[in-house]
């Protein structure tokens, strides 16, 4: 049953009408015709606090219902009801910066809860002369939406199933107002981060929705470091499943700074790291070789976590400005066919997980998520993973995320790349199907070499190795880069098979085009470094 508290306002009729399109079990009581205890005995599934012509302190039982029943029963406050939520927890309700009656505003929101799947920004109607004061908003309430003038347009309680909006979703002039009402009726307010931790600790798998909820809490700073550490450790012990990784990845990609590029075919060669092989930066070197063939590359990466040198470290040592902003990277890809996205710039909200990840000190789901959350959304990927058991699950996640074609690879000598020293396991996504098979250097026409011959070092030494490859030095470092570039060219359809890919990759290096891509990236990114 849905209970509506009517604060003597005509908009209550509109609210009830909208709710009635989804539910027929609605009961309406005016704010002075029912008590908290009577509401408690009714045990409603949801409580809606309506708009009204007065202040929250004159809204009858509204504030008391929020305070006493909010911890257990989901509550949705509209306009006056929204203000009552703020007042119930100690916030000040003050005169709004301007009087708005029947005016539309552009509202930006966080895309979660009642705003999930709602156009952002949205156009909404406002009727109010009062508003919640930002400076006195209690810490237990989180702002979820704001108007262009800075007025708080939405809040939610960080622990209780309580949400409010200052605007009127029931107005026909509010875009997607019915969607917001529908979300309010359907969202699982009972879910909380502690429950998710308990479920994982007990060895039970999360649904995609539950995993997405957990990632939202982490990225919004609503989970404590201790909770994050417990959660990622329990996940590692249980083993991450496809639905869980998909849920995490979808939220991370939704919240990332976006890249817009004109290229229809876009490739990434990011790997998980964490293989403890101490090989040099193979996928980073391969990116230049691939770009040299004319394929646009949106390289996504970070500093080292488990190796001596991450992609960001070696590029920085090569003189590349790794801190380009989203629009700058998009322009870079369009202009030179290659760009680098430094993960912290594009996934700012992941700062909340950085400390727990570092302190836990083990490989976690975040190692897997990096290559799955490229802000440019490339539809072609060569993705290396640190364990053979991950190739098929990660391939399924890529399929769920909508990639056109990808190879998820693991060198069986513990390499998160295609190996030069032995067999590599491949799980390929193609035409909506996933096929797993094994390949070796001989399939590329390359001689097998020991892993010790592609040893990696710190950023400076790795940058010298990478530069040597692009300048034409012939050694095992070059061969392993050729193998991985060749596979990527097969993935994006530029090469017919591995040996054709090797020919095209060799030509990219020997013609100087791969080296020229590095020089172009150095020059282009350097322009923005000088301006900053």
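Each residue, glycine too, has its Cβ placed from N, Cα and C.
These features come from TrEMBL:
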BINDING   271, 302  anthranilate 1 binding site
BINDING   271, 274-275, 279, 281-284, 299-307, 311  5-phospho-alpha-D-ribose 1-diphosphate binding site
BINDING   283, 417  Mg(2+) 1 binding site
BINDING   357  anthranilate 2 binding site
BINDING   416, 417  Mg(2+) 2 binding site
DOMAIN    3-184  domain 'Glutamine amidotransferase'
DOMAIN    194-256  domain 'Glycosyl transferase family 3 N-terminal'
DOMAIN    265-515  domain 'Glycosyl transferase family 3'
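Mapped onto this structure are the features recorded in TrEMBL.
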residue: 271; record: anthranilate 1 binding site; Cβ contacts under 8 Å, 6 or more apart: 283, 371, 383, 384, 385, 416, 417
residue: 300; record: 5-phospho-alpha-D-ribose 1-diphosphate binding site; Cβ contacts under 8 Å, 6 or more apart: 268, 270, 340, 341, 343, 346, 370, 371, 373, 374, 375, 376
residue: 302; record: anthranilate 1 binding site; Cβ contacts under 8 Å, 6 or more apart: 310, 311, 312, 342, 343, 344, 370
residue: 303; record: 5-phospho-alpha-D-ribose 1-diphosphate binding site; Cβ contacts under 8 Å, 6 or more apart: 310, 312, 313
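Averaged over the domain 'Glycosyl transferase family 3' (265-515), the predicted model has a pLDDT of 93. A 10 Å cutoff on Cβ-Cβ distances gives residue 417 (Mg(2+) 1 binding site) a total of 27 other Cβ atoms nearby, all chains included. Here residue 279 (5-phospho-alpha-D-ribose 1-diphosphate binding site) is positioned 22 angstrom away from the residue listed as 'anthranilate 2 binding site', judged by their C-alpha atoms. A coil conformation is recorded for residue 302 (anthranilate 1 binding site) in the three-state DSSP classification, outside any helix or strand.
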